[in-house]
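Contents: one structure, followed by commentary.
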Amino acid sequence: MSDRMAKFKAGMPKEVIDAMKQEFKDNYDTNKDGTVSCAELAKLMDCPEEEAQRIITGVDVNCDGRMQFDEFLLYMEGYTKERLYSSDEIKQMFDDLDKDGNGRISPDELSKGVGEISTKLVEGMANKLIQEADKDGDGHVNMEEFVDTLVAKLPLCFKKCFHEDFDKNGDGSLTNAEMSQLLNRNLPGQYSEELINEMISRVDLNGDGRVQFGEFLMHAQNLSKDDIKNQFMAIDKDKNGKI
């Protein structure tokens, strides 16, 4: 076991490890061979096999091309590190609101403290973004660092968007009707049936007449880099190329 793995497991309660082991068996290791293959992970995450392979390669300590349970823990460790605030930080925010220290937050305490907490949240988010994205260590984030950092987080954002906002019947794909409903709700009268069909055919890589999440993800990521650059320029008020 690697030092990194030993340290990670040592800091986890046994109940948590047991729960993650059950999650691994029930939802990841679908053929019950004790490992997760690229195909299994791609199916579970509804993503291209290339993306699944990239994830496995990042934690494949024994280089067998599959994800063992200990490697799965490393994968989950990466997700844990992506959380914006730790449990200790959240507890501190609660304590800051709980002025009389009785373990509960009253409406008056919430009203008085929310402005202060909101300021801390915004400052904390900004500081964490700078720390994570500032690859050259100059204390600022340039456009390349900004784009690289946010693009790395896009798949999870797009997955949430796809399933919650687009795929209304929950079948894992977008039909012509779902696309039409979505576009006409947000941009009424701007998209004809013919144009929607053309949009689907451009994204529909497997030719089944529907948009799967993997197809949606590949297309959305291509579009999003320009959007992220535009956001960077909007934030960069003094136009010096850094935030």
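Cβ from N, Cα, C; glycine included.
According to Swiss-Prot, the protein has these features:
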| type | residues | note |
| --- | --- | --- |
| BINDING | D29, N31, D33, T35, E40 | Ca(2+) 1 binding site |
| BINDING | D60, N62, D64, R66, E71 | Ca(2+) 2 binding site |
| BINDING | D98, D100, N102, R104, E109 | Ca(2+) 3 binding site |
| BINDING | D134, D136, D138, H140, E145 | Ca(2+) 4 binding site |
| BINDING | D167, N169, D171, S173, E178 | Ca(2+) 5 binding site |
| BINDING | D204, N206, D208, R210, E215 | Ca(2+) 6 binding site |
| DOMAIN | 15-49 | domain 'EF-hand 1' |
| DOMAIN | 47-82 | domain 'EF-hand 2' |
| DOMAIN | 85-120 | domain 'EF-hand 3' |
| DOMAIN | 121-156 | domain 'EF-hand 4' |
| DOMAIN | 157-189 | domain 'EF-hand 5' |
| DOMAIN | 191-226 | domain 'EF-hand 6' |
| DOMAIN | 227-243 | domain 'EF-hand 7' |
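In the domain 'EF-hand 1' (15-49), helix, strand and coil residues by DSSP number 23 helix, 1 strand, 11 coil. Comparing Cα positions, E40 (Ca(2+) 1 binding site) lies closest to S173 out of the binding-site residues D167, S173, E178.
The DSSP secondary structure for E178 (Ca(2+) 5 binding site) is helix. Distance from the CA of R104 (Ca(2+) 3 binding site) to the CA of D64 (Ca(2+) 2 binding site) is 51 Å. Each residue in the domain 'EF-hand 3' (85-120) has a pLDDT score, and their mean in this model is 64. Distance between Cα atoms for H140 (Ca(2+) 4 binding site) and D204 (Ca(2+) 6 binding site): 40 Å, as a whole number.
Here the candidates are the binding-site residues N31, D136, D138, S173, R210, and by Cα distance the one nearest E71 (Ca(2+) 2 binding site) turns out to be N31. Close to the recorded Ca(2+) 2 site, the chain also has T35, I56, V59, V61, C63, G65, M67, Q68: residues not among D60, N62, D64, R66, E71 whose Cβ is within 8 Å of the site's Cβ mean position.
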